[in-house]
Amino acid sequence: MIILGNVGMVAIIITDPRLNTPMYFFLGNLSFIDIFYSSVIAPKAMTILWSESKSISFAGCVAQLFLFALFIVTEGFLLAAMAYDRFIAICNPLLYSVQMSMRLCTQLVAGSYFCGCISSVLQTSMTFTLSFCASRAVDHFYCDTRPLQRLSCSDLFIHKVASFFLSSIIILPTIIVIIVSYVYILSTVLKIHSIEGRKKAFSTCSSHLGVVSVLYGAVFFMYLTPDRFPELSKVASFCYSLVTPMLNPLIYSLRNKDVKEALKKLLEKKDIIFY
């Protein structure tokens, strides 16, 4: 479902010239990220559930944590870039094409990947410099920071402080950009006298807000709550690692008129070719 939905979204954006805009450029990259970070977890998780082998190699565990941290942090920064894009589109529509140039959009996406890479390197190196001597059984369905910390016999105080500081400098800027952007968007939308104009503005933003709420709600629950309830942590991890990338294309396609029209046009072309 994740691959079908996100590959379909990328295909629609690439094939329809009307979707050649900054908003859909970001959306295509979001779908690309969703495909890869869910693929880091889902295949191995299904193998563990369905086969007798319940193990993962040490190198595989390192790679899984590194790649997942890379893509999940990149997605957070990309969602902040999308919020900024909506802010410019609604609050400064006459300057939109000038301010949101393709060069700037490319730089924002590249910057998101760069921040994700730096964060992933730091998080992975901090985690795997710990001494693991308590057990080899990871109480989770993939290699994540908290379940691995439970296996360590090292002093975790400095590590937890560093992890909290790293998470704060990653999450807080993106949250601030998203909140400030939508405060300005809301104030601008409320000034629109046309009901149709308000409806259109809210429609373009509600999809993005839905994705942000699901992702950040699960992440906050996972990393900012006490590590006393591992089963609840698994549920939160399931939400942002598998449910969110499955829902993203559905949210954007069902709430977006342009995407629905592009999908209809693409299906009509397929019918003509088949005939």
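Every residue, even glycine, has its Cβ placed from backbone N, Cα and C.
The model shown is predicted, which means the values in this text are computed figures rather than measured ones.
Per TrEMBL, these features apply:
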type	residues	note
DOMAIN	5-252	domain 'G-protein coupled receptors family 1 profile'
TRANSMEM	23-42	transmembrane segment
TRANSMEM	62-84	transmembrane segment
TRANSMEM	104-122	transmembrane segment
TRANSMEM	164-189	transmembrane segment
TRANSMEM	201-223	transmembrane segment
TRANSMEM	235-254	transmembrane segment
* Go through the chain and flag residues at least 6 beyond the ends of the transmembrane segment (62-84) whose CB is under 8 A from any CB in it; none is fine as an answer. => 23, 26-27, 29-30, 33-34, 36-37, 40-41, 44, 56, 105, 108-109, 111-113, 115-117, 119-121, 123-124, 127-128, 142-145, 148, 170-171, 173-174, 177-178, 181-182, 208, 211-212, 215-216, 219, 240-241
* Asked: So what's near the transmembrane segment (104-122) in sequence-distant terms, Cβ-Cβ under 8 Å and 6+ beyond its ends?
  -> 22, 25-26, 29, 66-67, 69-75, 77-78, 81, 84-85, 166, 170
* Structure fact -> Beyond a gap of at least 6 residues from its ends, the CB atoms lying under 8 Å from the transmembrane segment (235-254) belong to 1-2, 5-6, 8-9, 27, 30-31, 34-35, 37-38, 41-42, 68, 72, 140-142, 144, 207, 210-211, 214-215, 217-219, 221-222, 260, 263
